[in-house]
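Data block below; observations after.
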Amino acid sequence: MHIAIMSRNKNLYSTRRLKEAAIARGHDVKVVDHISCYMNINMTSPSIHMKGVELPKFDAVIPRIGASVTFYGTAVLRQFEMMGVHPLNESVAITRSRDKLRSLQLLSRKSIGLPVTGFANKPSDVPDLLDMVGGAPCVIKLLEGTQGIGVVLAETRKAAESVIEAFMGLKANIMVQEYIKEAGGADIRCFVIGDKVIAAMKRQALPGEFRSNLHRGGSATIVKLTPEERSTALRAAKTMGLNVAGVDILRSKHGPLVMEVNSSPGLEGIEKATGIDVADKIIQFIEKNVKATSTKTKGVG
């Protein structure tokens, strides 16, 4: 097969591993910088160009779209879909999962466990909002934040009110969530491919830190999932419409709670923590599922 990997940097660990795995299985691979692409949108022969050259025909595309370029990246992916290229994850599913508030609302509708979450527009609603999530301590998150950036643990009600009002004053969209103390600064990343959780790791925050992101110095170890945790991860990925996803779960006294569903999960942490060749499993999944007509939405919506 001819496979395109949408990535800003061919030297990134995940991009490099996916390319190596695809080549090892006999496929032709091209890394495409989606920000350097531009599109010819017409009714007879839509195409994608890069640096003055029309891209060749691909059988499948693996989107590795960073959060900061979601709009343009998914536009390029939609163009691939309209041209009949099979996407590992569809543009609609990626867009859905990148909207943190919408994704929580969709998960809630499917009765999937979540931390109690509040969202408001006016500073006058802040006191009631804090009551909704059980008061302080609570977690305040920028909707546009990634890798733990824009996430604040407010340990007192006064601190929470000050942080929320400051964010609102900057016209930033935020949500407020209950703090799950019993998680102990740890979460579980479940790596979902198709209808299976193929790997899982526990990420532990540094002492004095509550954010367990590996980008923030957290450590990762292999972990055994309970049947309920496995089921929750699969249901969360399916609700987003994602074939490949990193589902982040907190262990709480109420059972597993989904924090986030990541449409472009990194491979380095999970492969090194578990020893599992995740990249190879992704390529195998593509081999089994590629059909020119298998994009459900055809780039619509």
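Cβ atoms here come from the backbone N, Cα and C positions, even for glycine.
Taken from Swiss-Prot, the feature ATP binding site applies to LYS141, GLU178, TYR179, ASP187, ARG211, SER212, ASN213, supported by sequence analysis. Per Swiss-Prot, Mg(2+) 1 binding site is recorded for ASP248, GLU260, and the stated evidence type is sequence analysis. Per Swiss-Prot, the feature Mn(2+) 1 binding site maps to ASP248, GLU260; the stated evidence is sequence analysis. Here Swiss-Prot flags GLU260, ASN262 as Mg(2+) 2 binding site, drawing on sequence analysis. Per Swiss-Prot, Mn(2+) 2 binding site is recorded for GLU260, ASN262. Look at Swiss-Prot and you will find 104-287 tagged as domain 'ATP-grasp', backed by sequence analysis.
LYS141 (ATP binding site): 21 other CB atoms within 10 A of its CB, across all protein chains. Taking each Cβ in turn and tallying the other Cβ atoms within 10 Å, the top scorer among the binding-site residues GLU178, ASP187, ASP248, GLU260 is ASP187.
Annotation note: TYR179 (ATP binding site) sits in a coil segment as assigned by DSSP.
Cβ neighbour count within 10 Å across all protein chains ranks ASN262 highest among the binding-site residues TYR179, ASN262. Candidates ASP248, GLU260, ASN262 (binding-site residues) were compared with ASP187 (ATP binding site); those inside 10 Å Cα-Cα are ASP248. On the 0 to 100 pLDDT scale, the domain 'ATP-grasp' (104-287) averages 92 in the predicted structure. Separating the Cα atoms of ASN262 (Mg(2+) 2 binding site) and ASP248 (Mg(2+) 1 binding site) is a whole-number distance of 8 Å. Cα of GLU178 (ATP binding site) to Cα of GLU260 (Mg(2+) 1 binding site): a span of 14 Å.
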